[in-house]
Amino acid sequence: MPLREFKIVVLGSGGVGKSALTVQFVQGIFVEKYDPTIEDSYRKQVEVDGQQCMLEILDTAGTEQFTAMRDLYMKNGQGFVLVYSIIAMSTFNDLPDLREQILRVKDCDDVPMVLVGNKCDLAEQRVISTEQGDELARKFGGCAFLEASAKNKINVEQIFYDLIRQINRKNPGPTNKKEKKSGGCILL
(Lines of atoms letter the chains of each structure in order from A and count residues from 1; the text may use other names and numbers.)
(Lines give C-alpha, C1' and ligand atoms only; values in the text may rest on other atoms or scores of the structure.)
Protein backbone atom coordinates (compact mmCIF):
# COMPACT_ATOMS: atom_id res chain seq x y z
CA MET A 1 0.00 0.00 0.00
CA PRO A 2 1.44 3.42 -0.94
CA LEU A 3 2.48 6.01 1.60
CA ARG A 4 -0.28 8.57 2.12
CA GLU A 5 0.59 12.15 3.04
CA PHE A 6 -1.31 14.21 5.60
CA LYS A 7 -0.96 17.95 6.15
CA ILE A 8 -1.64 18.83 9.78
CA VAL A 9 -1.62 22.34 11.24
CA VAL A 10 -1.13 23.01 14.96
CA LEU A 11 -2.80 26.26 16.07
CA GLY A 12 -3.38 28.14 19.32
CA SER A 13 -2.26 31.11 21.36
CA GLY A 14 1.38 31.76 22.20
CA GLY A 15 2.80 29.70 25.06
CA VAL A 16 0.19 26.90 25.06
CA GLY A 17 2.72 24.22 24.09
CA LYS A 18 2.14 23.76 20.36
CA SER A 19 5.84 23.25 19.69
CA ALA A 20 6.29 21.08 22.78
CA LEU A 21 3.48 18.74 21.65
CA THR A 22 4.79 18.61 18.08
CA VAL A 23 8.44 17.99 19.04
CA GLN A 24 7.40 15.39 21.63
CA PHE A 25 5.41 13.55 18.94
CA VAL A 26 8.02 13.81 16.17
CA GLN A 27 11.29 13.51 18.12
CA GLY A 28 10.25 12.08 21.49
CA ILE A 29 11.79 14.91 23.50
CA PHE A 30 10.30 17.60 25.73
CA VAL A 31 11.40 21.15 25.00
CA GLU A 32 11.49 22.91 28.37
CA LYS A 33 12.52 26.39 27.20
CA TYR A 34 9.89 28.67 25.64
CA ASP A 35 11.13 29.97 22.31
CA PRO A 36 8.32 31.61 20.32
CA THR A 37 7.81 29.96 16.94
CA ILE A 38 7.39 31.80 13.67
CA GLU A 39 6.81 28.63 11.67
CA ASP A 40 8.35 25.18 11.80
CA SER A 41 7.55 22.18 9.66
CA TYR A 42 8.12 18.59 10.76
CA ARG A 43 7.74 15.27 8.97
CA LYS A 44 7.14 11.92 10.57
CA GLN A 45 6.20 8.54 9.14
CA VAL A 46 3.76 6.53 11.26
CA GLU A 47 1.49 3.54 10.84
CA VAL A 48 -2.16 4.06 11.76
CA ASP A 49 -4.66 1.21 11.43
CA GLY A 50 -2.27 -0.67 9.11
CA GLN A 51 -1.78 2.33 6.82
CA GLN A 52 1.63 3.94 6.29
CA CYS A 53 1.27 7.69 6.73
CA MET A 54 3.69 10.55 6.18
CA LEU A 55 2.66 13.46 8.36
CA GLU A 56 3.69 16.97 7.48
CA ILE A 57 3.05 18.94 10.65
CA LEU A 58 3.10 22.72 10.55
CA ASP A 59 3.82 24.24 13.95
CA THR A 60 2.61 27.83 13.75
CA ALA A 61 3.17 31.09 15.60
CA GLY A 62 0.76 31.99 18.39
CA THR A 63 -2.57 33.21 17.06
CA GLU A 64 -1.82 36.75 18.12
CA GLN A 65 1.16 36.88 15.73
CA PHE A 66 1.61 36.61 11.96
CA THR A 67 -2.12 36.60 11.24
CA ALA A 68 -1.54 37.24 7.53
CA MET A 69 0.13 33.83 7.14
CA ARG A 70 -2.65 31.99 8.93
CA ASP A 71 -5.16 31.87 6.05
CA LEU A 72 -2.55 30.11 3.91
CA TYR A 73 -1.89 27.49 6.62
CA MET A 74 -5.61 26.91 6.94
CA LYS A 75 -6.19 26.64 3.21
CA ASN A 76 -3.51 23.96 2.80
CA GLY A 77 -4.13 21.99 5.99
CA GLN A 78 -6.20 18.79 5.96
CA GLY A 79 -6.55 18.54 9.73
CA PHE A 80 -6.09 20.90 12.64
CA VAL A 81 -4.93 20.59 16.24
CA LEU A 82 -6.41 23.46 18.28
CA VAL A 83 -4.39 23.82 21.48
CA TYR A 84 -5.10 25.75 24.66
CA SER A 85 -3.39 25.68 28.05
CA ILE A 86 -5.51 24.40 30.95
CA ILE A 87 -3.79 27.03 33.12
CA ALA A 88 -4.65 30.10 30.98
CA MET A 89 -8.30 31.03 30.34
CA SER A 90 -7.47 33.53 27.57
CA THR A 91 -5.98 30.71 25.46
CA PHE A 92 -9.26 28.78 25.79
CA ASN A 93 -11.35 31.83 24.90
CA ASP A 94 -9.34 32.39 21.69
CA LEU A 95 -10.38 29.05 20.15
CA PRO A 96 -13.97 29.70 18.94
CA ASP A 97 -12.77 32.55 16.71
CA LEU A 98 -9.88 30.41 15.47
CA ARG A 99 -12.25 27.57 14.58
CA GLU A 100 -14.59 29.98 12.76
CA GLN A 101 -11.65 31.25 10.74
CA ILE A 102 -10.72 27.68 9.74
CA LEU A 103 -14.29 26.93 8.64
CA ARG A 104 -14.46 30.20 6.68
CA VAL A 105 -11.13 29.64 4.90
CA LYS A 106 -11.94 25.97 4.15
CA ASP A 107 -15.53 26.94 3.18
CA CYS A 108 -16.73 23.81 4.95
CA ASP A 109 -18.56 22.94 8.17
CA ASP A 110 -16.90 19.55 8.63
CA VAL A 111 -13.14 20.00 9.00
CA PRO A 112 -11.08 17.34 10.83
CA MET A 113 -9.86 18.81 14.10
CA VAL A 114 -8.86 17.86 17.62
CA LEU A 115 -9.30 20.20 20.57
CA VAL A 116 -6.39 19.81 23.02
CA GLY A 117 -6.18 21.04 26.59
CA ASN A 118 -2.42 20.98 27.08
CA LYS A 119 -0.36 21.02 30.29
CA CYS A 120 -2.60 18.57 32.18
CA ASP A 121 0.49 17.75 34.27
CA LEU A 122 -0.06 21.15 35.94
CA ALA A 123 -3.44 20.14 37.42
CA GLU A 124 -2.85 22.14 40.62
CA GLN A 125 -2.76 25.34 38.50
CA ARG A 126 -5.79 24.38 36.39
CA VAL A 127 -8.29 27.14 35.56
CA ILE A 128 -10.17 25.31 32.77
CA SER A 129 -11.95 22.12 33.78
CA THR A 130 -12.10 18.98 31.68
CA GLU A 131 -15.88 19.54 31.52
CA GLN A 132 -15.33 22.98 29.96
CA GLY A 133 -13.13 21.36 27.30
CA ASP A 134 -15.79 18.71 26.65
CA GLU A 135 -18.46 21.40 26.36
CA LEU A 136 -16.42 23.43 23.87
CA ALA A 137 -15.82 20.29 21.79
CA ARG A 138 -19.60 19.72 21.74
CA LYS A 139 -20.15 23.32 20.65
CA PHE A 140 -17.61 22.67 17.90
CA GLY A 141 -19.95 20.03 16.47
CA GLY A 142 -18.66 17.11 18.50
CA CYS A 143 -15.02 17.47 17.56
CA ALA A 144 -12.53 15.22 19.34
CA PHE A 145 -11.20 16.48 22.68
CA LEU A 146 -8.16 15.34 24.64
CA GLU A 147 -6.23 16.69 27.56
CA ALA A 148 -2.50 16.25 27.04
CA SER A 149 0.92 16.81 28.53
CA ALA A 150 3.89 17.17 26.22
CA LYS A 151 6.12 16.99 29.31
CA ASN A 152 4.74 13.63 30.52
CA LYS A 153 3.85 12.22 27.08
CA ILE A 154 0.14 12.03 27.93
CA ASN A 155 -2.14 11.63 24.87
CA VAL A 156 0.47 13.11 22.52
CA GLU A 157 0.34 10.29 19.93
CA GLN A 158 -3.44 9.99 20.30
CA ILE A 159 -3.90 13.60 19.15
CA PHE A 160 -2.23 12.99 15.81
CA TYR A 161 -3.57 9.45 15.29
CA ASP A 162 -7.13 10.61 15.96
CA LEU A 163 -6.70 13.40 13.43
CA ILE A 164 -5.39 10.95 10.78
CA ARG A 165 -8.46 8.76 11.36
CA GLN A 166 -10.76 11.77 10.97
CA ILE A 167 -9.06 12.80 7.72
CA ASN A 168 -9.35 9.21 6.43
CA ARG A 169 -13.08 9.11 7.26
CA LYS A 170 -13.70 12.42 5.52
CA ASN A 171 -11.50 11.71 2.53
CA PRO A 172 -10.59 8.02 2.10
CA GLY A 173 -7.48 7.57 -0.02
CA PRO A 174 -7.56 5.70 -3.31
CA THR A 175 -7.86 1.95 -2.90
CA ASN A 176 -5.56 1.18 -5.80
CA LYS A 177 -3.22 2.90 -8.24
CA LYS A 178 -5.70 2.77 -11.11
CA GLU A 179 -8.27 4.64 -9.09
CA LYS A 180 -5.70 7.25 -8.14
CA LYS A 181 -4.79 7.92 -11.76
CA SER A 182 -8.32 7.89 -13.06
CA GLY A 183 -9.84 11.18 -13.95
CA GLY A 184 -10.54 12.96 -17.09
CA CYS A 185 -12.59 15.60 -18.69
CA ILE A 186 -15.84 15.77 -20.55
CA LEU A 187 -16.00 17.75 -23.75
CA LEU A 188 -19.36 19.32 -24.46
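Even glycines carry a Cβ here, placed using N, Cα and C.
Cβ contacts within 10 Å of GLY15 (GTP binding site), excluding its own Cβ and spanning all protein chains shown: 15. Under the heading GTP binding site, Swiss-Prot lists 12-19, 59-63, 118-121, citing similarity to another entry as support.
Look at Swiss-Prot and you will find 34-42 tagged as motif 'Effector region'.
Taken from Swiss-Prot, the feature S-geranylgeranyl cysteine applies to CYS185.
The annotation cysteine methyl ester is assigned in Swiss-Prot to CYS185.
DSSP assigns GLY15 (GTP binding site) to coil in the three-state reduction, outside any helix or strand. On the 0 to 100 pLDDT scale, the motif 'Effector region' (34-42) averages 73 in this prediction.
Other Cβ atoms within 10 Å of the Cβ of CYS120 (GTP binding site), summed over all protein chains shown, number 22.
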